[in-house]
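Contents: one structure, followed by commentary.
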Amino acid sequence: MIDQRLLRENPNLISEGLKSRGMDVDLGPLQKFCKDLKELEEKRNSLQAQGNSIGKEVGQKIKQGLPHDSEEISNLRVKGNQIKKQVGIIEEEEKSISNKLNEQILCLPNLPEKNSLEGKNEKDNKELRRWGEPISGNTLKEHWEIANQLNLWDSERSSVIAKSRFVTLFKHAAKLERSLINFMLDLHIKKGYLEVLPPALVNTASLTGSGQLPKFAEESFRCADDDLWLTPTAEVPITSLHRGEIIPRDLLPLRYVAYSPCFRREAGSYGRDTRGLIRLHQFNKVELYWFSTPERSEDALEQITSDAESVLQELELPYRVIQLCTGDLGFSAKKTYDLEVWLPGANTFREISSCSNCGDFQARRSSIRTKDNNKKNILLHTLNGSGLAIGRTMAAILENGQQSDGSINLPKALIPYFGSNKLKPE
């Protein structure tokens with residue numbers, strides 16, 4: 001959430017940041033709300049000071065021997081009660097305006113960091129580096145073709161069970177999915193991450209705190225009879241793991257890794273990636289998440305990105321790192337690196353991880369703080385990154401490992417988990 005103080009003191013900075021995202025927002029109504037709140041606060045403080053003064057005066061007169069039921073005392077108490085009523089009215093007005101202000105601020109995205117890569121859309125993103133040698137060839141198949149030949153999954157029966165964009169994995173694919181999850185968790189735990197297994201259902205406050213609500217309500221699955229939603233990513237419950245807390249500075253950074261099923265409605269993606277594992281309503285993902293001090297969050301983004309890259313390197317999958325421009329940033333992010341894995345069957349790079357520094361955006365929405373060196377409460381910075389999306393990783397393994405005899409060579413790092421170095425036709 002954008003800092004209200006910034007809205008009052010430097011609205012031009014907000015306007016410029018939003019414009020760099022391609023948004024032209026009239027901040028006038030928001031500034032009016034801030035001005036009204038400031039005036040009401042001053043008025044309330046003045047009235048409360050008067051009320052306190054009257055209370056002291058009543059106490060002094062009673063000490064001097066004036067009877068409790070004297071006319072003078074009664075008049076003072078009447079005046080004091082009138083002030084209390086006025087204060088109550090002002091507080092209700094403040095609450096109403098504050099709610100309206102928050103409703104609008106919650107719909108504004110994070111501001112890009114200073115000196116960001118300017119751009120309108122993904123065409124303006126910048127490739128930073130590559131790893132591995134992409135293979136190519138006219139006879140290479142896409143992962144869904146390979147899966148059908150090896151009988152790895154069934155999407156048709158899954159649409160009977162649920163609807164389209166669901167898949168049921170069988171035998172080797174189910175085992176490979178499980179192997180990838182355990183491999184990724186173990187790799188990150190060795191790097192010092194603390195494993196957590198969060199709930200797959202989250203409440204509205206959790207989705208609001210991480211930035212999914214209210215903007216993206218249509219993108220998530222909601223339970224009909226409860227204030228619960230299926231989580232779109234483990235980022236949501238991990239953000240709320242410390243909601244409303246003050247985390248001791250000596251515990252920072254907190255680094256979590258979590259496996260979770262993820263659920264997304266994929267509204268607006270009709271007709272795109274209808275086959276295979278690229279765009280499903282339900283998929284598994286291993287998520288990396290940091291709670292960092294503000295001064296270390298830039299370095300933390302480089303580290304979390306490196307940790308996500310290490311998974312691809314261990315799995316021998318070629319990839320590239322892309323810095324997103326301001327117009328392509330996610331809602332909660334102020335800076336993002338995407339990792340795109342090479343899919344030779346499709347002859348393209350596809351996003352497999354997105355690593356973002358959210359600054360204090362989520363921490364402000366979720367009230368997550370620490371103390372600075374002067375013992376003053378300050379907001380933390382949060383960072384997240386996929387480490388990795390399991391289905392897309394499996395797709396990359398199938399396409400990059402395909403052999404002329406129809407078998408699939410598996411990465412050496414998976415052999416201890418899968419128990420074999422190949423997938424073979426049966």
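The backbone N, Cα and C atoms fix where each Cβ goes, glycine too.
What Swiss-Prot says about this one:
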type	residues	note
BINDING	Thr233, Ala234, Glu235, Glu287, Ser386	L-serine binding site
BINDING	Arg264, Arg265, Glu266, Glu351, Ile352, Ser353, Ser354	ATP binding site
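This view paints the features noted in Swiss-Prot onto the structure.
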residue: Thr233; record: L-serine binding site; DSSP class: coil
residue: Arg264; record: ATP binding site; DSSP class: coil
residue: Glu287; record: L-serine binding site; DSSP class: strand
residue: Glu351; record: ATP binding site; DSSP class: strand
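The record gives Thr233, Ala234, Glu235, Glu287, Ser386 for L-serine. Within 8 Å of the mean position of their Cβ atoms, the other Cβ atoms in that chain belong to Val236, Ile238, Ala258, Ser260, Cys262, Lys285, Val286, Leu288, Tyr289, Asn384, Gly385. Taking the C-alpha positions, the distance from Glu266 (ATP binding site) to Thr233 (L-serine binding site) comes to 13 Å. Considering only the binding-site residues Thr233, Ala234, Glu235, no residue lies within 10 A of Ser353 (ATP binding site) on a C-alpha to C-alpha basis. Among the binding-site residues listed (Thr233, Ala234, Glu235, Glu287, Ser386), Thr233 has its Cα nearest to the Cα of Arg264 (ATP binding site).
Local packing around the binding-site residues Glu287, Glu351 was summarised as the count of other Cβ atoms within 10 Å of each Cβ; on this measure the leading residue is Glu287.
In this structure, Arg265 is the one among the binding-site residues Arg264, Arg265 with the smallest number of other Cβ atoms inside 10 Å of its Cβ. When other Cβ atoms within 10 Å of the Cβ of Ser353 (ATP binding site) are tallied across all protein chains shown, the result is 29. Note on proximity: of the binding-site residues Arg265, Glu351, Ile352, Ser354, the one nearest Ala234 (L-serine binding site) is Ser354, by Cα distance. The subset of binding-site residues (Thr233, Glu235, Ser386) lying with their Cα within 10 Å of the Cα of Ser354 (ATP binding site) consists of Ser386, given in sequence order.
Within 10 Å of Ile352 (ATP binding site), as judged by C-alpha distances, the binding-site residues found are Ser386; the full candidate list was Thr233, Glu235, Glu287, Ser386. Residues within less than 8 Å, Cβ to Cβ, of Thr233 (L-serine binding site) and separated from it by at least 6 positions along the same chain comprise Ser260, Cys262, Lys285, Glu287, Asn384. Burial estimate for the binding-site residues (Ser354, Ser386): highest at Ser386, by number of other CB atoms within 10 Å. Working note on the binding-site residues Glu235, Glu266: by count of other C-beta atoms within 10 Å of each C-beta, Glu235 ranks first.
Here the Cα atom of Arg265 (ATP binding site) is found 19 Å from that of Ser386 (L-serine binding site). When the alpha carbons of Glu235 (L-serine binding site) and Glu351 (ATP binding site) are compared, the span between them is 17 angstrom.
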